[in-house]
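Here is what TrEMBL records for this protein:
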type	residues	note
TRANSMEM	7-29	transmembrane segment
TRANSMEM	65-84	transmembrane segment
DOMAIN	74-154	domain 'Prepilin peptidase A24 N-terminal'
TRANSMEM	138-155	transmembrane segment
TRANSMEM	189-208	transmembrane segment
TRANSMEM	215-235	transmembrane segment
TRANSMEM	255-277	transmembrane segment
TRANSMEM	298-325	transmembrane segment
TRANSMEM	331-352	transmembrane segment
Amino acid sequence: MTNRQNVIWWTSRGLIGLGAAAALVYFIAIPTWDTIDYVFFEQPQSEVLEDLTIAEQIRIRGMEFFTATWFAALGAVVASYLNVIAYRMPIGKTVFAKDSACPSCGSRIRMADNIPIIGWLRLRGECRDCQEPISVRYPLVEFVGAAIFLTLYIVEVLSGAENIPNTTRYFYRGALWIVWYTKWDVIGLYFYHCLLLSSLLTFALLGIDRHRVPWFAFTTAVVFGLVPPQIWTHLNPIAPIPGDVFAELFPFEPQRLSGVCGLLAGMILGGAIDLSINRLLRRPSWESLCGLGVAGTFLGWQATLAIASALCSVLIIILAARVMWKPTFTIPANGCLCFVTLVFLCSWSWLLKSYGSLWP
């Protein structure tokens, strides 16, 4: 067994052990302690809830754990497909209706070996047929996708979209009340934002491989950002201009124009960032124009201003680090944009409450 295989073997066993320990604490230790605390210690009147047995708590926690795992697994599956898109699109291969294959020997990857993250660990990072190493990038991207979907699920779904301004506030929240007693407005917002982050992650993967974002990919993402809010206007929670002013000019909801205004603002701001980077690095790139344009389409021009400001700060830090330490790798602008956008989505309402006087 090679050193690489040893590392993968111990890593997979360590992850299994951590998962088992976390499950033991979540399903057994916490419900047991809650019961002991409820029985033997006085509770504040505002916190006294229906007395649940340990078995009932375990069932509820099991449902919550299953739901969170499902959303994380969905993110890993989506990211696995984004890996395929980022590999095939630049070389002109179809991204539909064709099985994945080893790039070295061309053998078809079996279904059991194609399970995100787990398949790579089972194969110990090598092709089953030719034993050529499989890049660690594949499980890393799948892990990032799972982390993005799970983070947004925890922040946006479990809270009843409390992180998004101007949305309906629900008294009962959590997996049971939002997912299983489905609140479709919250679920719609979640998948709409996941679509945005998946698009930005795809652009980031193309940037890592030093490929430009194809205009087909850009326009497809823009269409997916523009069309749904025309049907479900709550997907754009902030109007591009005040509603009373808008009502005097147009006979429809102002949110319907939010995507177009955001697209224009994002492309202008992204183009300005790209021009600055091109001057400093002396290489042509229009990553930020595409990425911020798509972000603006989904979130509106006000959010785009905040995201562009944060992106500039991150890129300045990275450029300063490049000058000081001269690393051999580069972090694409759209990778930073994906991270900044996720952080913004998680804190949108808080930012608006804290800095509303500075918000356009």
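For all residues, glycine too, the Cβ spot is worked out from N, Cα and C.
Residues 192-193, 195-196, 225, 236, 238, 240, 258-259, 261-262, 264-266, 269-270, 273, 277, 280, 288, 292, 331, 333, 336-337, 339-341, 343-344, 348, 351, 359-360 of the same chain, all 6+ positions outside the transmembrane segment (298-325), place their C-beta atoms under 8 angstroms from a C-beta of that stretch. Within its own chain, the transmembrane segment (189-208) has Cβ neighbours under 8 Å at 75, 78-79, 82-83, 85-86, 89-90, 141, 144-145, 148-149, 152-153, 156-157, 161, 164, 167, 217, 221, 224-225, 228, 234-235, 287, 290-291, 294-295, 298-299, 332-335, 337-338, 341-342, 345, counting only residues six or more beyond its boundaries. If one looks beyond the transmembrane segment (331-352) by at least 6 residues along the same chain, the residues whose Cβ comes under 8 Å of a Cβ in the stretch are 148, 151-152, 155-156, 162-165, 193, 196-197, 200-201, 203-204, 206-208, 213, 273-274, 277, 285, 287-288, 290-292, 295, 299, 303, 306-307, 310-311, 314-315, 318, 359. Confidence for the domain 'Prepilin peptidase A24 N-terminal' (74-154), expressed as mean pLDDT, is 86. Proximity of distant same-chain residues to the transmembrane segment (215-235), defined by a Cβ-Cβ separation under 8 Å and at least 6 residues beyond the stretch ends, is recorded for 85, 89, 167, 185, 188-189, 192, 195-196, 199, 202-203, 206, 253, 255-256, 258-260, 263, 290, 293-294, 297-298.
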